[in-house]
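S.K.: The Zn(2+) 1 binding site annotation in Swiss-Prot covers C17, C20, H41, C44, and the record cites sequence analysis as its basis. The annotation Zn(2+) 2 binding site is assigned in Swiss-Prot to C31, C33, C59, C62. Summarising the annotation, Swiss-Prot assigns compositional bias 'Acidic residues' to 169-188. Annotated region 'Disordered' per Swiss-Prot: 168-188, in sequence order. According to Swiss-Prot, the topological domain 'Cytoplasmic' annotation covers 1-92, 145-201. Taken from Swiss-Prot, the feature topological domain 'Lumenal' applies to 114-123. According to Swiss-Prot, the transmembrane segment annotation covers 93-113, 124-144, on the basis of sequence analysis. Residues annotated as zinc finger in Swiss-Prot, with sequence analysis given as evidence: 9-69.
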Amino acid sequence: MSTIVDMVDVSLVDKCCWICKESCDVVRNYCKCRGDNKIVHKECLEEWINTDTVKNKSCAICETPYNVKQQYKKLTKWRCYRRDCHDSLLVNLPLCLIVGGISTYTLVSVEIIKLMESEETSELTKVFLVTSFLGPFIVTVLSALRTCIDCRTYFLTTRKRNTIHTLQELEDDDDDDDDDDDDDDEEYADAVEEIIIGPSN
């Protein structure tokens with residue numbers, strides 16, 4: 001425990017970013033950590049919280065939510081990820097075009113119209129012709145609907161992946177009570193110990 005206390009009360013003479021391990025001359029208030037765990041470059045921390053693997057935008061030690069501002073990249077600078085594209089989008093779009101073309105051709109076919117208007121055409125033949133048109137038409141409508149849903153999902157997923165979180169400092173809270181400082185220090189030391197040493201059995 002003495003090691004943890006020394007780490008919490010570490011001097012800021014040799015300031016070093018805890019992410020890149022490079023020199024850091026300015027200590028900003030991004031969370032409620034103290035000591036060397038508070039020393040970090042803004043660029044390093046922003047790059048860290050913008051990675052896909054980081055889902056929780058809060059400090060891993062003190063669990064303080066970062067003050068981040070969400071922005072979207074310009075549409076011309078979006079990066080599209082192939083894994084975000086749903087497989088059905090690649091299947092439904094060509095299917096919609098192919099079946100739609102067949103349905104359109106069937107609808108405007110002169111020969112079919114003539115057969116439908118002919119008195120010699122049996123009722124069974126007319127039913128078959130109507131069914132042969134309605135079948136592809138229904139498939140076309142369903143495929144188009146599914147394609148629209150997949151396109152919307154792909155757009156929202158791509159937009160989320162092209163989101164930039166800009167980091168800002170926390171606002172000073174002058175209303176905190178000094179009576180809870182001892183408890184906060186103890187919880188903070190336990191959190192640092194668990195991250196560095198590992199959870200106790």
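In case you wondered, yes, glycine gets a Cβ from its N, Cα and C as well.
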S.K.: Measure from the CA atom of C17 (Zn(2+) 1 binding site) to the CA atom of C62 (Zn(2+) 2 binding site) and give the result in Å, rounded to a whole number.
M.R.: 17
S.K.: Let me check the 10 A CB neighbour count of C20 (Zn(2+) 1 binding site). How many other CB atoms are there?
M.R.: 14
S.K.: Excluding near sequence neighbours, so keeping only residues 6 or more apart in the same chain, what lies with its CB under 8 A of H41 (Zn(2+) 1 binding site)?
M.R.: C17, I19, C20, E22, C24
S.K.: So what's the mean pLDDT when you look at the zinc finger (9-69)?
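M.R.: Taking every residue of the zinc finger (9-69) together, the mean pLDDT is 75.
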S.K.: Using Cα coordinates, what distance in whole Å links C33 (Zn(2+) 2 binding site) and C44 (Zn(2+) 1 binding site)?
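M.R.: Computed Cα spacing between C33 (Zn(2+) 2 binding site) and C44 (Zn(2+) 1 binding site) is 16 Å.
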